[in-house]
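Remarks on the structure that follows.
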Amino acid sequence: MKSLLDSLNFPKDLKNLSDSDTEILSKEIRQFLIESVSKTGGHLSSNLGVVELTLSLMKSFDFEKDKIVWDVGHQSYVYKILTGRKDGFKNLRQFNGLSGFPKRNESKYDYFDTGHSSTSISAGLGMARARDLKGEKYTVVSVIGDGALTGGMALEALNDVGFRKTKMVIILNDNQMSISVNVGGLSRYLNKLRMGETYNRLKTNINTSLGSSDLGKDLISKMSKVKDSIKQLVVPSMFFENMGVKYIGPIDGHDIKAMNEVFSKVKDIEGPVIIHTVTQKGRGYSLAEKSPSKYHGIPPSNDKKEEPNKACRDSYSKAFGNALIDIAKEEKEVVAITAAMPDGTGLKDFATTYPERFFDVGIAEQHAVTLAAGMAANGLKPVFAVYSTFLQRGFDQVIHDVCIQDLPVTFAIDRAGIVGDDGETHQGIMDVSYLSMMPNMTIVAPKCTEEIPSMLRWAIKKNSPVAIRYPRGKDIVCNLDALQEISYGKWEVVSEGKKICIIASGRMLQHALLAKEILKEKGIDPKIVNATFIKPIDKCLLENLKEDGYDILTIEDNIICGGLGISILEYLNYIDYNGNMKLLGYNDEFIPQGNVEILYRTYGLDPVSISNTILKFYN
């Protein structure tokens with residue numbers, strides 16, 4: 001028997017759906033999500049939590065002309081299913097497949113690309129003001145989670161939208177979580193709002209009862225004069241109201257009928273309005289309901305993308321977290337900072353072991369960097385653990401608040417290089433380039449997980465900014481000997497060879513070693529150098545390579561522009577190097593989603609491609 005979902009492909013198909021059929025459809029969508037995402041991998045919990053919310057939005061608004069912006073965008077699966085992309089879910093987040101985030105080049109229904117948090121209100125406000133200036137008529141809807149609302153950019157946008165009274169609809173999807181449990185004053189404030197629902201319901205009932213008689217109306221009028229003076233004490237929604245944004249809620253984000261009623265009316269409200277919906281992350285799937293963080297993002301059931309060697313011990317994140325705990329036992333001034341990512345960055349155990357020395361600031365990378373700077377200025381040794389893609393949000397603070405003052409802040413940059421399935425917005429391929437241009441910044445990269453403890457210890461002891469970059473997952477080559485001693489600006493000759501030297505940093509060193517094994521079978525034996533320091537480079541070793549007549553190949557999991565290879569090339573040019581040189585990395589383009597192995601192969605950074613590049617030197 002054909003399901004209801006099979007007959008629905010576009011927003012117009014939902015318009016005449018009865019309430020009972022909509023309930024049936026919500027169950028079918030959940031089943032589809034569980035079955036499909038379990039096969040391909042992807043964001044599950046967040047999408048299970050917004051099924052009814054998405055259906056109600058699509059029934060109440062006309063997204064042929066109305067525009068919607070999904071904050072972060074990982075919760076847009078239901079919207080994608082019902083905008084003609086259901087069949088694409090078999091290739092979700094795969095190379096050349098359906099994106100896990102909104103993409104303007106994927107569908108006319110995706111009005112703005114997202115991937116990072118807290119951008120939706122700003123983007124929606126920009127669209128609304130463009131609409132007004134052009135004299136057009138449509139509604140702009142921004143959907144933002146309670147976690148993303150803690151981001152400073154979202155609050156800046158709220159301040160602006162309320163000041164100008166621009167007409168737009170903001171949906172607060174409050175599931176009481178971001179990826180991990182939310183923290184901070186705004187999170188407590190939203191809890192207060194949820195608890196205030198009883199008060200709001202009572203207030204409505206009183207007004208309805210009193211308003212039925214003339215005496216009651218007169219009493220309401222007199223009460224309102226008193227109400228204004230005490231309103232801020234008893235109605236927590238005044239936070240939004242004082243910013244000039246009308247607040248409605250909280251309402252049940254799984255009650256389609258209630259949401260339809262509210263959404264149909266807000267289109268007529270002049271000025272901005274925020275509708276507070278309360279949802280349950282992972283709803284309809286018991287495992288995800290119990291552990292929403294665990295099922296936030298899940299791997300494919302037949303996961304073959306794990307290019308790291310399963311025999312290798314720990315992931316880089318785990319190795320970092322364990323090392324920091326050990327160092328903190330000896331160094332009492334060491335503190336750890338995260339921006340809403342304690343689990344992903346490996347700090348969960350540190351938070352349990354040293355709760356008073358652990359600081360989760362919420363989705364606030366700018367604040368996290370300057371918080372670390374303030375701590376360092378007052379004698380602490382802060383370590384900020386952050387994904388490469390998210391550190392770029394604190395770019396100015398790294399320069400202005402850390403590097404100019406030459407403060408001893410350690411940046412533990414996780415997910416450096418290609419991360420795979422999340423695509424352009426999450427690849428960590430730019431940190432070397434923008435950090436390299438900052439005076440006083442040192443950049444290092446461990447060649448294996450075993451090297452993290454000594455490198456982290458060295459970074460914390462150095463009395464200036466240090467960035468340690470390392471990839472997602474585990475090692476590809478196990479049992480590499482960790483450096484016994486780290487010497488500032490010095491590289492390591494890992495394997496001697498002839499004629500050509502491969503200089504690689506981080507995980508790319510492991511690719512270089514595998515490429516050497518391939519080349520040995522063809523009679524070529526390259527020298528392998530581990531660029532432990534990306535900044536500064538080892539000028540003495542480069543001068544020796546010049547004197548010994550080596551050709552040079554550099555490999556990095558970063559864009560070429562501003563990267564390690566360019567730094568090496570500049571110095572070789574300065575010393576009149578006249579050998580052959582080739583730079584491997586990513587060109588001036590954004591790297592799409594896909595299996596990590598496929599992406600390395602596509603961009604010439606897998607061991608086979610590296611060996612083929614070297615063969616061309618000899619042909």
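Heads up, the Cβ atoms here are built off N, Cα and C, so glycines get one too.
As annotated by Swiss-Prot, thiamine diphosphate binding site applies to HIS74, GLY115, HIS116, SER117, GLY147, ALA148, ASN175, TYR285, GLU365. Look at GLU365 (thiamine diphosphate binding site): DSSP puts it in a helix. Here GLU365 (thiamine diphosphate binding site) comes close to ALA339, VAL386, PHE390, LEU391, ARG393, GLY394: these same-chain residues lie at least six apart in sequence, with C-beta atoms under 8 angstroms from its C-beta.
Take the CB of ASN175 (thiamine diphosphate binding site) and look out to 10 A: across all protein chains shown you find 23 other CB atoms. The Mg(2+) binding site feature in Swiss-Prot is assigned to ASP146, ASN175.
The feature region 'Disordered' is assigned by Swiss-Prot to 289-310.
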- Any idea what DSSP makes of ASP146 (Mg(2+) binding site), helix, strand or coil? coil
- Item | Per DSSP, three-state class assigned to ASN175 (thiamine diphosphate binding site) | coil
- Message: I'm trying to understand the geometry here, so how far is the Cα atom of HIS116 (thiamine diphosphate binding site) from the Cα atom of ASP146 (Mg(2+) binding site), in Å to the nearest whole number?
- Response: 14
- Message: Among the binding-site residues HIS74, HIS116, which residue has the fewest other Cβ atoms within 10 Å of its own Cβ?
- Response: HIS116
- Query: Among HIS74, GLY115, HIS116, SER117, GLY147, ALA148, ASN175, TYR285, GLU365, recorded thiamine diphosphate binders, what is the largest CA to CA distance in Å?
  - Reply: 32
- Message: Please report the distance from the Cα of ASP146 (Mg(2+) binding site) to the Cα of ASN175 (thiamine diphosphate binding site), rounded to the nearest angstrom.
- Response: 7
- Message: Is it possible to get the count of other C-beta atoms within 10 angstroms of the C-beta of GLY147 (thiamine diphosphate binding site)?
- Response: 29
